[in-house]
Amino acid sequence: MTDEPQHGHEADALWAWIEKEADLPGVDEIRAGSVTAVMVVHNAEEWLPRQLLSLARLDPRPGRLVAVDTGSTDDSAALLERADREGVVDSVITLGADAGFAQAVETALEGSEPEWIWLLHDDSAPHRDALAHLLEGARRSDVVVPKLLEPKRRNYPETISEIGQAITAGGIRVPLAEVGDIDQHQSESREVLGASTAGLLVRGAVWRELGGIAPEVGRHRDGVDLGWRANAVGYRVLTWPQAALNHLRAGHTGLRPDDEHHHVSDRLGALRVAGSRGASTVGLGAASLARAVGFLFAKSPSHAAAELKAWRGYRRSPALTAALAARLPVDDQTPEDLLPSRFWPLRNAVDSFGAGLSERYRSLTEAPAETSIDELTSDDFAAPSLRTRFLSPSTLLVLVLLVTAAIAARTLLGGGPVSGGGLLTAPTSLGEAWQGYLEGDAPWLGLAAVSSLAGFGSPGWFTFLAVVLTPLLAGLSALALLRRLGFASPIACAASAAWAGGTVLLGLVTAGDVTGMVLAVAGPLLVRAVHAVVVNETTGAERLRAPAGAAFWLIVVSAVWPFALPAATIVGVVWALRERARRMEVAVLLAPAWLFLAPWLPTLARYPGRMLTGVDPLAWTDYPPASYALVVGRILPSGLPVWANVVFFAALGLAAVVAMAKLPRKAWLVSLAWLGAPLVIGTALSRLTVSVDGGVVRPLLSPWALLVLAALLLPVLWSQREPGRHKLAGPVALALSGALAVGVWMVVGFAGPVRSVTSVLPGYVRDVISSTRDSRVLALEISDDASVAWNVIDSRQPQWGTGERNPIGSFSAQFNALAYSIAAGDPPDDLAERFRIMGVSHLYVGGVDSSLRATLDNLESMISNPADDRSVVWTVSGLVSRVSIDAEEPFIVDAKVPPGAPERMLYLAESGAADWTASVDSETLPRAGDTERALIDDSVVTFGPLPADGGTLEIHPERHIWRALLHLVVMLGLLLMAAPTLGGATQARRGQ
């Protein structure tokens, strides 16, 4: 023991440990001859020669060095005998293979009471001066912990493996140094809970008082248990980073052959240490189960099995845990600051996630500087230095796009939900978004529901943020792609600005082209992921990560634009045929997308034209673009001035032509083909119409327009990659074009179809259709030129997904005939009765004149009420509901079926082909034959018979739970394959 306090604190100053030399009056230097070193060896012939060479070079050497061979079956014993003859070791002891590390050390120390004990593994080669430095630390502590370094690699700096460790209450190892950091002697001496036994120097008296290493723990965690017990008694455990050993960690890495997975003994020791300190059995079991699941996600079923095996071993050996607990003192003096908090795992996960984001940000905002003097002189610590600008191009890009988006968004504030063009109204809640996904057909509805979480759980807020931030996200995704491809930050940011500007001027945002917005963001990320697959050279399970990431983005792209999947499949099959070694990656890339879209394939086969359209195709009004407009990207009614499109695409076209003229012939031809193909295809498709579920729409042009935009950027980018051709003209043209586009958007705002619109329906009407009556409203708008626009509104439409089918839903032909007869001033006399059959509770007419109002007022059961100075609402008398029964009061208005005769039937105001389900008191009603309604020349859905006792009614479109489960399984499979593989290589990092 020393005369100092048993516990201290880490020095504040970097070199404070030097100054402490003067603080040790009366503490003699410790002689190396007072040290007995014990090295335990087992099947180590591959690395034992290097270990023995390091021991032979020690200066100073320990007074005695004992080697213990624990039943090695290779040449380890012969190597030890030779070392004994040459004087490298002083004696060799042979034990059986069942002898553990604790027994081996105790056997080596039998009959002696050394002043200091130095523990060595057969794979922990000490540096020449390691013992000398450890003895310096021994003057200040009772247990001295050296710095463990990774094995040396030629032409690489040494990296840190461990400098002490702690353990959480659940048995998780807590490293006290950044594993993988380059060793620049930056670590300071500090008190720790414990450490690996490799290189550990222990005072002999302390060793004997503690009873040495606890055999109950086994290997891997015996050092942290020993250190914790020393702290508990009041002794001091101190790291001494000046003493270093290169630790191969042969047991952890699988280099040492073993019949049992190395994680079994490691985790069993951790459970034993945690359990002996009071951790609950239930808590440890839950933690082990969670870790096993985590190992499965890390694509290591062997680790998962080992985790569970360790847990079973722990449960079956409570006596060993009790024996270890008996070694602990009654009064635990362990300093609280040496124990990690219970929230350490969560904090560590957050820190790791934040570090990953930080690294990604740095890769975008920092540019490599010129060659450094370290690189020229081959300094071991040389690394590509990074030049951080006060305002880097990427930061400027983000600021400009963010500010312009915020200013443009002013035109969306103060109104109702954001919708218009191809963007239908968002569901009012996250629950309704999920309901729409389960009841709908298109898989993109599920992606939209999940994405709504980014809008604080509100689909409406998500819609607002999406239309406002799409240019920013598109620019960032393009930047991520270009930086991955190796482009310098200035040209990458200029091209990304042009890409973001193109998403604005093409009308994707202001016209509500959901597919175009998704493609502008996900398209570059898909290309980036595919590039990662192409350059992927990893093996084993790690090889699946890149194609799994690409498969996710292919699912996103294909869900909004189905044509992408067969196109990608053709390219993938050709690639697999040309490079057979890539077949696995191609399968992983393509198969999940086909599986994800499988439930939708019958619909696509029934309406093949849907392959060429985008999200909610029937939501669009007919907009045939002029031929000249295609050349300047005027494919949608954006509300932005045409001159901006002309200037933008003229500038990009000129820059592309100039760049193409300087390219080699092959590159020139590729650029020309890339530009011409989508331009020709898009022009041809603009003249076509396709049929989708009873409606006629035009193919979506935005995917082809985005390909043309990419083709205009490609030559400029290509020319910048040529050595010696880094001209400013191209990047400046791209940057100014992007600035022009977003600047115009900032000034004009949202002047296209997308607006913040309040409902024209009065509040009392909206309350009725959203109540349990679930009725409909027939809405007409009669313009001054006598043209008629009409729609059917209920609690489910119009909103996301209703444009995937006939947006009117049931009775579309009947509603069409009634709408035009009403507008013509010739409604049928039995209009109210027709409305009751079809579940219509209200009629809204905008632009109504006095003559039409008088005509409708004269109809039986039609009660009018002005909505505003030009609109009138007629209410159909009788509390109309979507559901009726055979009774004196037929309509069910409160979702309650009254008691009555058992033969009653329930009628739903939906066409006979509608797929709905009904239940009373959770008992599903059988679907009966559809009931004909001669008045409307159609049939309605019928359920029954109803129970005589009545009950609570629940009725809704059929929900396809199995499809959601399929999608969940596909996504979990991709997550499993894309997750980092356990044991993946880590790169050395310079310590911060």
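Every residue gets a Cβ built from N, Cα and C, even glycine.
What TrEMBL records for 37-149 is domain 'Glycosyltransferase 2-like'. Sequence annotations record features per position, and here TrEMBL assigns transmembrane segment to 395-413, 461-482, 550-577, 584-601, 642-661, 668-688, 700-718, 730-752, 961-982.
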Selection from 461-482, 584-601, 730-752, the stretch that has most Cβ pairs under 8 A to the transmembrane segment (642-661): 730-752
Contact check, the transmembrane segment (550-577) vs the transmembrane segment (961-982), 3+ Cβ pairs under 8 Å, seq sep 6+: yes
Distal contacts, the transmembrane segment (461-482) - CB-CB under 8 A, six or more residues away: 364, 394, 397-398, 401-402, 404-406, 408-409, 412, 417-419, 423, 426, 448, 451-455, 491-493, 495-497, 499-501, 503-504, 508-510, 512, 517, 520-525, 527-528, 531, 717, 738, 742, 745, 750, 754
Helix-strand-coil residue split for the domain 'Glycosyltransferase 2-like' (37-149), DSSP-based: 37 helix, 33 strand, 43 coil
Long-range environment of the transmembrane segment (961-982) - Cβ separation under 8 angstroms, sequence gap at least 6: 295-300, 303, 437-438, 443, 446, 540-542, 544-545, 547-549, 551-552, 555, 588, 592, 595-596, 598-599
Reported mean pLDDT - the domain 'Glycosyltransferase 2-like' (37-149): 94
